[in-house]
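Asker: Here Swiss-Prot flags 4-24, 26-46, 69-89 as transmembrane segment. For GLY61, THR64, the entry in Swiss-Prot reads Na(+) binding site.
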Amino acid sequence: MQKLIQGLGVGAGAALGVCVRLALTLWLGDSAWPILTINVLGAFLMGWLRPNAFWGTGFLGGFTTFSAMMLNDVSFYFFTAVGCILAWLAGDRLAR
């Protein structure tokens, strides 16, 4: 029963962390810099405060979003490469 209660606490902390991250992202803008700032702040707080499961795994785990940052990076590089290739092909076509 204690593991269930701890799991629910971690879930509640994660939900709270996600809400705070969303509010900050809406306020600061949805780009790489706010996400990077949130992740660095979350990692700093995790190391400095050494929080329990609710605040650490839950809140700070939901607050940080390393996977979303990686997805943004991969998407940026993929679409940049595809966009550059398509732009080059279009320019090459026009030159003929």
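The backbone N, Cα and C atoms fix where each Cβ goes, and this holds for glycine too.
Context for these features, please: burial, neighbours, distances.
Answerer: Within 10 Å of the C-beta atom of THR64 (Na(+) binding site) sit 21 other C-beta atoms, taking all shown protein chains into account.
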Asker: With a Cβ cut-off under 8 Å, give me the same-chain residues at least six positions beyond the ends of the transmembrane segment (69-89) that come close to it.
Answerer: 32, 35-36, 39
Asker: Who sits close to GLY61 (Na(+) binding site): which same-chain residues at least 6 apart have their Cβ under 8 Å from its Cβ?
Answerer: VAL10, GLY13, ALA14, GLY17
Asker: According to DSSP, which kind of secondary structure is GLY61 (Na(+) binding site) found in, if we only use helix, strand and coil?
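Answerer: Assignment for GLY61 (Na(+) binding site) reads helix.
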